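Trainee: What TrEMBL shows for this protein is this:
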type	residues	note
DOMAIN	375-596	domain 'Histidine kinase'
TRANSMEM	32-53	transmembrane segment
TRANSMEM	90-107	transmembrane segment
TRANSMEM	119-141	transmembrane segment
TRANSMEM	161-185	transmembrane segment
TRANSMEM	224-245	transmembrane segment
Amino acid sequence: MWIGLIHLTLGITLFLLTGETARRSDGVGSRSFLATTAGLGLWAVTGGIYYLIVEFYGMRSPDGIIRFAVLESVSPVVEVGFYVSMILDSALQTLVPWAYALFVLVYTTRTDRSEQRLLFVLALFALLYAAGTAYVTLISLAPSVLPAGLRAAVSDAFVTFLQFAVTVSLFVTGALVLLALGQLWRTLYQYEFVSKRLTLSVAVIVPPVWLAEGFLVGVTETPVLRAAVPVPFLGLSVVGVWLAVTQLGLFDELPAASAVARRDIVAGMADAAIAVTDEQRVVDWNGAAVSLFDQKYETVVGDSLTTAMPDTFDIEALLTGEQRTCQLPQSDRLLEASAGQITDGDGRVLGHTLTFRDITARRRNARRAEVLNRVLRHNLRNKVDVTTAHLQQLNDEDCSENPSETVAAVREHLSDLRNLGTTAREIESVLQADQCGKEHPVEELTHRAIEAVPQAHCVTEQQTCDPEPASIPVVTDIPSVMTSANQEILIPVIRELVSNAVEHGGSTPDPCVTVRAVETAQTNQPEEWRIEVTDTGPGINEHEMRVFEQAKETKLHHGSGLGLWLVWWGVDRLGGEVWFDVDGGTTVTLALPVSLFECD
C-alpha cells in the first residue's frame, strides 16, 4: 500500500508545482509545460489509486495476477475508479510524452511547418494508442461490464488490429521522447549560454518515467517490484520540475526560446554586443566581441566586465552612456559605444547591454573628406584670386605692355585648376579601389607611371643620361617580381612621386631621378618590399613635408597641393607606410606588405 501512497504524494506534489509554475510565469512554452506537469501528476495519481485499490481489496493473487472477480463485491465507485485509473494510465503514457515534446520544441523555437506536421502525425498515433489501449483494456479485462450486444459485435480480428496499433504507437511515443531529448541536447551544444543544469533538469522530467512505465515494468519479475519501479523515476521528475521552475529560472530569466532567437540575431551582428548582469558580470558575448577584444567566449562569460575589457575603458561611464567613444590600446581603432538596460516585466533592472561599433574607417573617411575639402578650397581660392587679378589687369586701361604674358599666366592657372579637379577625382578612385587586383610585373607598372609624367623619360642603369636632356631621366632598378597591389593605386602613387621628384630636382645641373625596388628580407629588417624614389634636387619643401609626415591638415596649416595626399592615402590603402629622407636630395620610401609581392 505504501507504493500507492508514494504515487499519490508525488502526483500531488506535481500538481502543486504546476500551480506554482502557472503563478510564476506566462512565458514562451509555459502552456505546454503546464500540460506536461499536470499530465505527469495525473499519471502518478492514477497509478497511486490503482495500487491502493489492488492492495487494499487484496486483488492480487500470490502469483501476481489481478483477480477482477473481487470487484463484484466492492462499491460501484471503487470499481469505476479502478477501471478509470487503468484507462487513464494507458492514455497518459502517450499523451504526456506528446505534450513534453511539444513543450521542448516550442521552448527551443523549433515550431516551423515541418515540426508542426510531425507533431500532428505523431498526435494521431498518440490518440490511436490512447483509444486503442482503453478499448482493449475494456474488452479483455472487463467484458462483464459491456452490454451483450456490444460484446457480440466485437470480433477477435478487430481486437488483434487494435493490439497491433497499440504496439506501433508505443514506438511512436518513443520517437516523441527521443525527439524531445535530441532537440534539448542540440540546443545545449549549439548555444553556449544555455545552462547545462537547466537542460538536464528538463531532460529528466518525462523520459525516465516513460521508460519505466513502458519497458522496465514489463521486464520486472515480481509484482511488488513492478509496482515499485516507477517510484524513483517519478521522484526524479519531481526534482527536475522543482529545480527548473524554482531554482534555475526556467521562465523567470531568459527562456531558451527567447535566448536562442536573440542569439541567432546577435551572433550575426557586425557590431560587438555584450550583455552583463547588474553586478557587471558577463552573461553573453557575441562573435564580433570575441574578435574585437581577442577574448574567448568561455573565458569571459561569468567573469567581471572590468577584467574582460581593456584597462583604458571606463566601464561605469560606458554603462551610463557618459562615454560614447573609446580607442583600443596600442591601436588606432576607434569604437563607438552604446549602452542599454535589461529590465523585467515589472521594470526592475536585471542587467545592461553594451554595443561597440568600429568607426575607425568612418572617422578616417571623414578626416580625409575634411582635408580634401580644405585643400581644394584653399587652392581654388588662391588660383581664382590670382586669375581674377590677371583678368582685371587685362581690362585695365593701363594694361601692361605685354598682354600675352598675362594671358599665358591666366591659361597656366586655369590649367592648374583643371589638374586639381583631375587629382581630386583620382584620389576618390584610389580610396574606393580594392587593395589587391590582377598580378602585374612591378617593372611594367613603374614604367607606365613614369611615362605618365611630362618631362620625364625612363632609362636603365646601363644607359647614359643626356647631359642636356629634353626631359628628366628616371633610372629604374626593378627586380623581376610580380605584385597583386591594385594598379589603380600603385601607378598613381609612383607617378605622383616621380612627378614631384622631377619638379623639385629639375633645376639642378645634372638632374636625375632614381626608382628602385628592394625586398628588406635581404637586410635585418622585417619582411616587406620597398619602392624608393630619389631625386638630386635641393629636397622637398619643408612645409609640405611637415604636413605630409603629420598626415593631417589644420585650419592654419596647408599643403600646397593634393599630390602628396594621394600618395599618403594610396599607400595607406595598400596597407603600407611612407617616409622621407632629405639628405643631398630627397628619397621617398614606400614600405608595402610582402604579401602583395611574388618573385618569379
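Cβ coordinates are placed from backbone N, Cα and C, and glycine is handled just like the others.
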Trainee: Counting only residues 6 or more past its boundaries, what in the same chain has a CB within less than 8 Å of a CB in the transmembrane segment (32-53)?
Mentor: 1, 3-15, 17-18, 21-22, 59, 78, 81-82, 84-86, 88-89, 92-93, 95-96, 99-100, 102-103, 106-107, 205-206, 209, 213, 227, 230, 234, 237, 241, 250
Trainee: Report the mean pLDDT of the predicted model across the domain 'Histidine kinase' (375-596), rounded to a whole number.
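Mentor: Value for the domain 'Histidine kinase' (375-596), mean pLDDT as a whole number: 79.
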Trainee: Determine which residues of the chain contact the transmembrane segment (224-245) at the Cβ level, with the cut-off under 8 Å and only residues 6 or more beyond its ends counted.
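Mentor: Distant contacts of the transmembrane segment (224-245): 3, 6-7, 10, 13-14, 17, 20-21, 24, 37, 40, 44, 47, 51, 64, 197-198, 200-206, 208-209, 211-213, 216-217, 251.
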